[in-house]
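Okay, structure first, notes after.
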């Protein structure tokens, strides 16, 4: 207008009507800017994260950092512990090898039978080792019942000792503990030095079978005598360890050594020269549903890797039972992994599925390599204090709520309250839901933005007036931002989410599918509104002083219904069945209902405020019809391969 008046030479004189017209254009321009700015996106992100966090809490996952929800949806690798996560962490001794004889003790009464077959001297030494070299406790509860306190491994050994007829309190009172070395995750063993009742010092050690066995040079034979461990006896014991491990049993070796009187509590407990008492095989059953969850991860393009401190054969057996270890997968031990060069790691890591006898440093190295070298989005589980560096290094740190230490929980993004691997998969599903819901909202918002801007700009250039007023645009902005975010950000996840590949670290947020839907719907809506502007008066037989007002009301009403039906279309970006499960999302249905209700109020009763006029039934029907036509348009768009 200013340019026209400048050409006419009348730019110094303005009438009241012209000034009002300028103000109207200015208001529309400001409103268009408001509509164009995606201020609803932060709201959509916040709503989606808050909704997912609340639902995940019901699914036994406590989210400490909200951003982890969305990141978990992009995860390409999960590095999981074995004990307590993939397994139940309810351990029992089911097999033993004492006096070079293998026995099954899985049934009630088997331990008593073993006790009767074992020489008294061996049984005495065994019970001494079990009840003194432990971090667990046996306490009496009401009703003369006994309760085990300690780690699942320790409680399993203590239960076995009690089943053999041992008395925890009597054994602890009989001798005096001179030195204690707690379990060390790097050395894979623990030990104590005991002052015997009859005098003298004795060291007891237990831990990873192959490590303890390597520290032994003597063994208790089938007669109960201590003999030198020759190559044949050592091979037999190693074969027993491997046999137990292939049966998915966790193996522990118990050994002792009598010390000279010159031993001082300041001295380190010896690392060699022990006598092997025997080996126990501990069963830790796989959690129900883990195999199905691992298969679900595989179908979702997420690689599951087991990182454990157990024997490699035990780890491989459990991994096969869980469906983690495949025929072409690689299982490796931590000491071998940490000695590899960078070139060797580049070859091994892509196929690495099991890492056994690993230390926290090995886990940290693996996570770092996956993130930095292979650009993987890594989720890692941890429960110990030493797992904190790996939890920090990972994109998503998952701490165990039951077995996890406070340090691990503080280092994690998400706390798995039931220590269950299936819950981790549920977190991944919710994470994908958050990501997809935000994409749905952005697709819906950009469509509204493009159409509103193009329609008003094109109309202003061609006809000199904009069909959508400032108040109408603000109402559309409310539909798009606040109500649209509320509707689309609260869509619950479905099983289809776990059938697509993860986005990963380099994925584009606005995908080609989204651009197809945005441009297709925008083009359709623009053509409909332009068609109404050109032929609307003829089609609806509009004349008289209110013809323009009625036509603009029809255009506004049609535009709003196009957004309502496109909001339904946005529930699925690729699937045609957009109505499926819509009634299950009461928030979405409520938003659509509220929007429709207020649209009727605006058209029929707020004419002066919104610059509208009441419409006839035919005009309402036409508005709904043109909006509904976006549904078949969306179907054809989704059938287009891109």
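Backbone N, Cα and C atoms are what each Cβ position is placed from, and that goes for glycine too.
According to TrEMBL, the domain 'Cation-transporting P-type ATPase C-terminal' annotation covers 466-634.
According to TrEMBL, the transmembrane segment annotation covers 25-52 (among others).
The transmembrane segment feature in TrEMBL is assigned to 446-468 (among others).
Residues 439, 442-443, 446-447, 450-451, 454-455, 458-459, 463, 467, 551, 554-555, 558-559, 562, 566, 569-570, 573-574, 626, 629-630, 633-634, 637-638, 640, 642 of the same chain, all 6+ positions outside the transmembrane segment (513-535), place their C-beta atoms under 8 angstroms from a C-beta of that stretch. TrEMBL lists 513-535 (among others) with the feature transmembrane segment.
Residues annotated as transmembrane segment in TrEMBL: 586-606 (among others). Long-range Cβ contacts of the transmembrane segment (586-606) within its own chain (Cβ-Cβ under 8 Å, at least 6 residues beyond either end) map to 475, 479, 483-484, 486-488, 490-491, 553, 556-557, 560-561, 564, 567-568, 571, 612-615.
Taken from TrEMBL, the feature transmembrane segment covers 618-637 (among others). Using a Cβ-Cβ cut-off under 8 Å and counting only residues 6 or more beyond its ends in the same chain, the transmembrane segment (618-637) has close neighbours at 516-517, 520-521, 524-525, 528, 532, 539-540, 550, 554, 557-558, 560-566, 568-569, 576, 578.
Restricting the average to the domain 'Cation-transporting P-type ATPase C-terminal' (466-634) gives a pLDDT of 87.
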